[in-house]
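Have a look at the structure below, then the notes.
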Amino acid sequence: MKKLVLLRHGESQWNRENRFTGWVDIDLSEKGREEAKAAGQLLKDEGFVFDMAYASVLKRAIRTLWTVLDQMDLMWIPVTKSWRLNERHYGALQGLNKTETAQRHGDEQVLIWRRSYDTPPPALDADDERHPSKDRRYAALTPEELPATECLKDTVARFLPYWHETIAPQIMDGKRVIITAHGNSLRALVKYLDNISDEDIVGLNIPTGIPLVYELDDDLKPIRSYYLGDQEELKKAQEAVAKQGKA
């Protein structure tokens with residue numbers, strides 16, 4: 001049996017302010033830093049050890065991973081960062097308050113933008129300063145790879161090749177792996193692992209800073225999955241994520 005740990009970054013400053021974040025490089029809030037520290041301690045207490053780690057290229061995921069590995073005395077293990085693990089790109093919604101956006105466009109429309117599988121938010125203009133082509137960390141990407149907006153289907157399409165080509169072979173080889181990423185990039189992977197339908201994925205909410213453990217067979221098919229920690233706190237955290245886009 002193989003184990004994989006997925007961890008959504010700790011609360012970011014824009015999570016705290018209930019704003020659409022996407023690819024904007026916002027740091028952790030004070031609460032988020034504490035969540036990351038608690039996640040690392042919990043993993044250590046539960047006897048987890050990792051051989052390698054993966055993160056997005058956004059600081060809220062990177063800092064969460066740093067903190068977790070520091071707590072576990074594993075800062076020496078190899079860490080690979082990839083834009084393919086980035087949060088879903090929220091297009092022109094990035095920076096907007098979710099509640100105010102729901103008041104303007106309606107709860108139903110915002111729920112579609114946030115949670116539907118194949119409906120992207122309005123796109124950023126190519127000359128918008130928020131467009132990823134303006135950020136040098138993406139300088140090596142082709143124009144076709146750079147999103148101006150994404151739906152979850154798009155996020156799946158960029159994440160899964162990286163999973164199959166880079167991460168999965170390491171797990172198959174016996175490496176113990178942690179992936180620290182984002183709500184929607186992790187939803188994309190969970191959708192694939194658990195074979196969740198396009199319709200049912202709408203109801204999946206991944207809370208910040210709580211480790212999600214997958215036990216996998218030799219073909220990397222899930223045997224079971226579970227969150228570590230207090231289950232009542234988990235339920236509250238998932239409900240809070242679900243309510244974020246309501247007026």
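The backbone N, Cα and C atoms fix where each Cβ goes, glycine too.
Annotated substrate binding site per Swiss-Prot: 8-15, 21-22, Arg60, 87-90, Lys98, 114-115, 183-184, in sequence order, evidence recorded as sequence analysis. Taking Cβ-Cβ distances under 8 Å and a sequence separation of 6 or more, the neighbours of Arg88 (substrate binding site) in its chain are Gly22, Glu150, Cys151, Leu152, Asp154, Thr155, His182, Asn184, Ser185, Ala188.
Taking Cβ-Cβ distances under 8 Å and a sequence gap of 6 or more within the same chain, the neighbours of His9 (active site, tele-phosphohistidine intermediate) are Leu28, Gly32, Ala36, Leu58, Arg60, Ala61, Arg63, Thr64, Thr180, Ala181, His182, Thr208, Gly209. If you look up Swiss-Prot, you'll see His9 marked as active site, tele-phosphohistidine intermediate.
Residues annotated as active site, proton donor/acceptor in Swiss-Prot: Glu87. Using a 10 Å radius centred on the Cβ of Glu87 (active site, proton donor/acceptor) and all shown protein chains, the other Cβ atoms total 26.
In the three-state DSSP scheme, His182 (site 'Transition state stabilizer') falls into the coil class. According to Swiss-Prot, the site 'Transition state stabilizer' annotation covers His182, on the basis of sequence analysis.
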Query raised in the report: How many Å separate the Cα atoms of Glu87 (active site, proton donor/acceptor) and Lys98 (substrate binding site)?
Result: 16
Report task. Find, among the binding-site residues listed as Gly22, Gly183, the one whose Cβ has the highest number of other Cβ atoms within 10 Å in the structure shown. Result -> Gly22
Report summary line: Trp14 (substrate binding site) has its Cβ surrounded, within 10 angstroms, by a count of other Cβ atoms equal to 20
Query raised in the report: Which one, from the recorded positions Arg8, Lys98, His182, has the smallest tally of other C-beta atoms lying within 10 Å of its C-beta?
Result: Lys98
Report task. Sort Arg8 (substrate binding site) into helix, strand or coil using the DSSP assignment. Result -> strand
